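> I am attaching a structure below and will ask some questions about it afterwards.
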Amino acid sequence: MSKILVFGHQNPDSDAIGSSVAFAYLAKEAYGLDTEAVALGTPNEETAFVLNYFGVEAPRVITSAKAEGAEQVILTDHNEFQQSVSDIAEVEVYGVVDHHRVANFETASPLYMRLEPVGSASSIVYRMFKEHGVAVPKEIAGLMLSGLISDTLLLKSPTTHPTDKIIAPELAELAGVNLEEYGLAMLKAGTNLASKSAEELIDIDAKTFELNGNNVRVAQVNTVDIAEVLERQAEIEAAMQAANESNGYSDFVLMITDIVNSNSEILALGANMDKVEAAFNFKLENNHAFLAGAVSRKKQVVPQLTESFNA
């Protein structure tokens, strides 16, 4: 039997990397599975900081599961096929550990699925470590903590579940870090956008959603200065338009999130700007608008877009 590949979504963030590495380890220890954590893209700057801090080598990047000789895969931090490996429909999905909506997903065989409405996939994996009585190595605890911090913006996002607030201090202790100090340093490491090209910037953390027959690209970047990002608006818009044309996106929505003040600016281009405006009850001026209190794509952007596009 070939090795089972474990991976998060395309354009992996800290939770995609952390949950996949942690679950691959747990699957070996608890279930005796022959697993390998891989990635569907190179780590972003935040995740690179995490891996370096805990001395963990980045998972190797793959573009095809079958090309690796894999017959089975385990998905973490995602389930929608368009967010997964290119040939996901050609391999068996052995299992899924996720905290997102379930959409565009079907399998030919029964599978293991663990879905919980918590702040991160890493939160679920940590609970599974405890359920199976498997000791958590320091570096694995650090990766799971980082995934939780990243997805909940240090427990400030509305996606934060009461369970996450219990888990975070436990993981911080296991990882040997101060939760607040490490969390802030980690989040700030991911806000260095000046060195990124516009094409790189809009692809740092981007996912495609099928909304009533439209392929809508929703990306998010974290910053400490929204105005600084908007100084590059023309360049960013050109990259968004090119992405729409080359990938068949009907619309591109970019969240520029201020992690200090917990607000976002929405920059949007495409064929359905009326639906984008209706989703958030705002008016786009020069293609962008302020969205007070919005920091979560999963809870404060995608559901609203889904409702508007389906109206």
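Glycine too: its Cβ is placed from the backbone N, Cα and C atoms.
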> Taking H99, H132 as the options, which does Swiss-Prot list with D15, D77, D151 at the Mn(2+) 2 site?
H99
> Given the binding-site residues D13, D77, which one is most crowded in terms of C-beta atoms within 10 angstroms?
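Per the Cβ count within 10 Å, the most buried is D77.
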> What residue among the binding-site residues H9, H99 has the most other CB atoms lying within 10 A of its CB?
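Answer returned by the neighbour count: H9.
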> Output the one of D15, D151 that, of all these binding-site residues, has the highest number of other Cβ atoms within 10 Å of its Cβ.
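Top count of Cβ atoms within 10 Å goes to D15.
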